[in-house]
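Step one of this worksheet: look at the structure below.
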Amino acid sequence: MAREKRPGCPHNFKAGAMNALIRVSSVISNGPVILNLDCDMYANDGDAIREALCFLLDEKREHEIAFVQHPQRFDNICKNDLYANSYLVVNQVELAGIGSYDAALYCGTGCFHRRESLSGAKYPKDYRNINEAKNNDNRSVDELEKASKVLASCSYEKNTHWGKEMGLVYGCAAEDVVTGLTIQCRGWKSMYFKPNKPAFLGVAPVTLDIALVQMKRWSEGMFQIFLSKYCPFIYGHGKIKFGAQMGYCNYLLWAPLSLPTLFYVIVPPLCLGHGISLFPKVSSLWFIPFAYVFVAQNAYSICEALSCGHKLKSWWNLQRMLIIRRTTAFFFGFVDCIVKQMGLSQTAFAITAKMVTEDVMERYEQEMMEFGSSSVMFTIVATLAMLNLFSLIGGFIDIIFLDFGALGNLMCQIILCGLMVLVNVPIYEALFIRKDKGCMPFSVMFKSMFLASLACLLPYV
């Protein structure tokens, strides 16, 4: 089905397309269950439909399940998950945890919906048994086609509840998450189901640029929900459990996570380069809490990742991607969301391209990070990598030749900068060693070295 689009009539991106499909399918089949899949995903398990119906038809739950969400899984993840696209910890721990509150997140794909829950019905007030929802329409094919065209027209939703109380919610780049929240706040429950065999498989981004564009859209859309009337602590108060509200905010607050991350990758190296101590001496008792938090957090992270199926190298790649995402995609998502809240721009939907050339795929399979463009995000990544490298070298030079006694005071910052340098080794390779088409362009290298040098020398100017 192709819905009508015209200039001057907002089509509301993916949410608008979904709502048009919901209306048209209600005329053609009126099936009580709707499967939502992205165009780049396919079915991998023939039992998925039967398993979903087991939840939706469960009489012990009084048919209160609005949708059954499967985790997003991909068939093109490289050996060590270079871009952290497998989301093993997210799927097995975080989303499963939120699902235990009967408030599984709607992720926009791989989801079986009860039609009436998507049509604005409240539970149990407007509940109707699935077996009662039948299509008794005896109209001819031509009549059905004519009726469908009306439902798919660009003007049909004018002065209706579609996009507000019916269908997917409009006005947000994360239309899936906010739609799931509104359904749950109408009294419905949702189920997160992760079978051993993936029910559906899709295609993950194979270049860093595409991966960051996708994360920017997600973080921006979810932070937009937090700042809107749909904030779980306000909209969900008394409607969903407090644990579910906290679980939602674990994702809705991705964007502002960029601010403390930027602080930790910029301020400590700058202070190290100028001999300024930010943490207690190693010999001080006050050093113990800092050391404990650092060791405990990373030890827990490693154990969690290994238990979910990661290898040590894929965990290390995940740490690199967390830093890159937070300092680029999340930061731009945060800025864009604030600008939109001030009314200075409109919501846009950035489509994630998945088609790449053969040489890009070869580098991906060899686990070589793909740059190759002069993206401002790559400039930030390279600048932060160079800043930490310059500061680490400068700090060691000062300690060795000027004041060796300062080593104890600056040990924490040396460790932080050293780890940043280690995790950014692929960035240095792309800047100075690699000569393929996926390396950092010269313009990015020049700008990053200039900006990092300027930041290091600024106090002397």
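Backbone N, Cα and C atoms are what each Cβ position is placed from, and that goes for glycine too.
TrEMBL does not curate its annotations; it predicts them automatically.
Quick look at what TrEMBL lists:
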BINDING   Lys14, Asp38  Mn(2+) binding site
TRANSMEM  251-272  transmembrane segment
TRANSMEM  284-302  transmembrane segment
TRANSMEM  376-401  transmembrane segment
TRANSMEM  407-427  transmembrane segment
TRANSMEM  439-460  transmembrane segment
Intrachain neighbours beyond the transmembrane segment (439-460), with Cβ under 8 angstroms and 6 or more residues off its ends: 266, 270, 273-274, 371-374, 378-379, 382-383, 385-387, 389-391, 394, 427, 430-432
Chain residues in Cβ proximity to the transmembrane segment (376-401) (below 8 Å; excluding those fewer than six residues from its ends, i.e. six or more beyond): 208-209, 212, 265-266, 269-270, 272-273, 275, 324, 327-329, 331-332, 407, 410, 413-414, 417-418, 420-421, 424, 427-428, 431, 440, 444-445, 447-449, 451-453, 455-456
Residues of the parent chain within Cβ reach of the transmembrane segment (284-302), under 8 Å, 6 or more residues beyond its termini: 312, 315, 319, 412
Neighbourhood of Asp38 (Mn(2+) binding site) by C-beta distance under 8 A, where only residues 6 or more apart in the same chain count: Gly108, Thr109, Gly202
Protein Cβ atoms within 10 Å of Lys14 (Mn(2+) binding site), excluding its own: 16
